[in-house]
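Visitor: Take a look at what TrEMBL says about it:
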ACT_SITE  T12  active site, O-isoaspartyl threonine intermediate
BINDING   S55, T87, D88  substrate binding site
DOMAIN    5-183  domain 'L-asparaginase N-terminal'
Amino acid sequence: MNNTAILYMGGTFGCVGEPLTPMPASTFIELLQQSCHFENEKPLHYFAAPSIKDSTELQASDWLELGQFIHQLIHQNFKHFVLIHGTDTLNYAAAFLHHIFAQDISLIITGSQYPLFDTQGQSLHRTSDAWLNLQFAIRQIDQIPPGIYVGFNQQLFAANQVYKLHTKNYQAFYGQEIQHVSNSSLHFIQKLQPQHIGKAQQIRLLNYYISPDCSTHLAENLALFAQNPPNILILQAFGSGNLPYSETIKHNLKQLLQQGCWIILSSQVLFGELSQQYATGSWLNEVGVVFDPHYSQADTYARAILLYLQSEQSQNWPSLWYS
């Protein structure tokens, strides 16, 4: 029987008090073991993740550090993992872990819309979804094929194809069902180095949500970006990847690329492939931007950060994006 590691990373699940604040990891894990009795015989081992934070404060470096920590546990003969994580950035963590581990392990990331314990932290919260979500993840971890998944409200989703859809409802997430999991992982664990954690903190990524506006304003904004270009610029375009055209917009995009800024074209539409069938999208391919595979916005973020860590100096980064 495989050992299962329960990893605690903070979030609403382990919060108490008013306003809600994450419990210290040692206190939470002790209470969890005392209060929650699982109807199974599998050995459960509890660990605090390297970073215990409100998930709004988490960033790429935290998930890379988590990846290194999990890799250490793999060498201690753990292959099954349940990660308790805050819901605000749960889908981003899931996408990162998907691109780090691929099918090396079985991991379900879960959380809750309401805390596991009451305000005083003395008894279980009567109407919380936390206990049910954790039970579900632990039951499922032995049944799923190797890979990374989101487990929430009795549903499993492919880790890199998930969106958070609601701030309060138990049905907080929606995504691709696991039988349609895409084998699109970068398998970054083969390249992950300790220096990547600090390096990830220095990456400036700008996610630009294009609004209906005149093309002149779009061109002016791109010119402003060029004064202090981000490392990565994600353009959240319309429809299947369409932007209004002007020679100035085209020039400013080329200038950003020449300054070493990676430009990734995505879409505000949540589902469906990007295409260049419209004139408002076809010209972008000539500029040299790359097209998002459009699994999810969290997937685009994770893929961009990890590839940048691997290949920031490469002049051939667009081909790496598509490989």
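Cβ atoms here come from the backbone N, Cα and C positions, even for glycine.
In TrEMBL, annotation is done automatically, which means it is predicted and not curated.
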Visitor: Rounded to a whole angstrom, what is the C-alpha distance between D88 (substrate binding site) and the residue listed as 'active site, O-isoaspartyl threonine intermediate'?
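Guide: For D88 (substrate binding site) versus the residue listed as 'active site, O-isoaspartyl threonine intermediate', the Cα atoms are 9 Å apart.
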Visitor: Taking just the CA atoms, what is the gap between S55 (substrate binding site) and T12 (active site, O-isoaspartyl threonine intermediate) in Å?
Guide: 9
Visitor: List the Cα distance (Å, whole number) between T12 (active site, O-isoaspartyl threonine intermediate) and T87 (substrate binding site).
Guide: 7
Visitor: Based on the record's binding annotation for substrate (S55, T87, D88), what whole-number value in Å is the widest Cα to Cα distance?
Guide: 7
Visitor: Can you tell me whether DSSP puts S55 (substrate binding site) in helix, strand or coil?
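Guide: It is helical.
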Visitor: Any same-chain residues 6+ apart from T87 (substrate binding site) with CB under 8 Å of its CB? Would you list them in sequence order, or say none?
Guide: G11, T12, S55, G111, S112, Q113, K164, A172, F173
Visitor: Neighbour count, 10 Å Cβ-Cβ cut-off, for D88 (substrate binding site): what number do you get?
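Guide: If we count other Cβ atoms within 10 Å of D88 (substrate binding site), we arrive at 17.
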